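**Q** Dumping the structure here so I can ask a few things about it.
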Amino acid sequence: MSEKNPIVGLCQKASFLISAAQVDQCPPDEGLEVAFAGRSNAGKSSALNTLTHANLARTSKTPGRTQLLNFFALDDSRRLVDLPGYGYAKVPIPLKQHWQRHLEAYLSSRASLAGVFLMMDIRHPLTDFDRLMLDWAQASQLPIHVLMTKADKLAFGAAKNALLKVRREVQQGWGDVATLQLFSAPKRQGVDEAQMVLAQWLGLLDEEQEAFEEA
């Protein structure tokens, strides 16, 4: 599946574009972009690298960029955005307020933002950070796809039960915008499913369908 998914070849061409501390520093709001969010230690970097077949997260971790929105160009009209992954409960209140203000502004104002991938550690799901992200997505009617990461840390049955439990709560509170799946970067579990979501949000599946119909 991965070899046929158009997102793979496109992501291998990804290049760092710009880092932004606030919305007015972001690239022009045109085309399509997909953002990646996750609390510290939720596996965001591993998921981003695994889905894109590129070491994009390494760029985001360079000094001075860890608390910024990091943009990567896939082509002239498509981008990925690595959002800051704070140890949410541990950051100083002023920094937390600054981050909340600018991240909420980004999520609510970017017309080009097609969706958000939210990484949740399957062993510690629905943290305050996760709920905040889901609330913001719902307020903006923004699609959000939850990757329940580190699924390999639990036995298969336990992982499925955890998914069902979280899915019930998410559907009750944020079901109109949120979808969920199991994910493990080391085992490559759920990679194809997540890549299809990414390709759909970036309009790649529409292009493939148009090319097929024209042929």
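Yeah, the Cβs are placed from backbone N, Cα and C, and that goes for glycine too.
Summarising the annotation, Swiss-Prot assigns GTP binding site to 38-45, 64-68, 82-85, 149-152, 182-185 and lists sequence analysis as the type of evidence. Positions annotated as Mg(2+) binding site by Swiss-Prot, on the basis of sequence analysis: S45, T66. Look at Swiss-Prot and you will find 30-204 tagged as domain 'EngB-type G', backed by sequence analysis.
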**Q** To the nearest whole angstrom, what is the C-alpha distance linking G38 (GTP binding site) and S45 (Mg(2+) binding site)?
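**A** G38 (GTP binding site) to S45 (Mg(2+) binding site), Cα-Cα distance: 9 Å.
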**Q** Give me the long-range Cβ neighbours of A185 (GTP binding site): same chain, 6+ apart, Cβ under 8 Å, in sequence order.
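**A** Once residues fewer than 6 apart are set aside, A185 (GTP binding site) is near G43, S46, A47, N49, T50, T149.
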**Q** Just going by other Cβ atoms within 10 Å, which of the binding-site residues A42, L68 has the emptiest spot?
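**A** It is L68 that, of the binding-site residues A42, L68, has the fewest other Cβ atoms within 10 Å.
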**Q** By Cβ count within 10 Å, point out the most packed of the binding-site residues listed: G38, G85.
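**A** Of G38, G85, the one with the most crowded Cβ is G38.
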**Q** With H, G and I counted as helix, E and B as strand and the rest as coil, say where DSSP puts A42 (GTP binding site).
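**A** A42 (GTP binding site) sits in coil per DSSP, no helix or strand.
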**Q** What are the sequence-distant neighbours of S45 (Mg(2+) binding site), meaning same chain, six or more residues apart, C-beta distance under 8 angstroms?
**A** A57, R58, S60, K61, G85
**Q** Can you give me the average pLDDT across the domain 'EngB-type G' (30-204), rounded to a whole number?
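**A** A mean pLDDT of 91 is what the predicted model shows over the domain 'EngB-type G' (30-204).
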**Q** So if I measure Cβ to Cβ from D152 (GTP binding site) and keep only same-chain residues at least 6 apart in sequence, which ones fall under 8 Å?
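**A** Looking at Cβ-Cβ distances below 8 Å from D152 (GTP binding site), excluding near sequence neighbours, one finds S184, P186, K187, Q189.
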**Q** Excluding near sequence neighbours, so keeping only residues 6 or more apart in the same chain, what lies with its CB under 8 A of T66 (Mg(2+) binding site)?
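**A** T66 (Mg(2+) binding site) has long-range Cβ partners S60, P84.
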**Q** Should D152 (GTP binding site) be counted as helix, strand, or coil on the basis of DSSP?
**A** helix
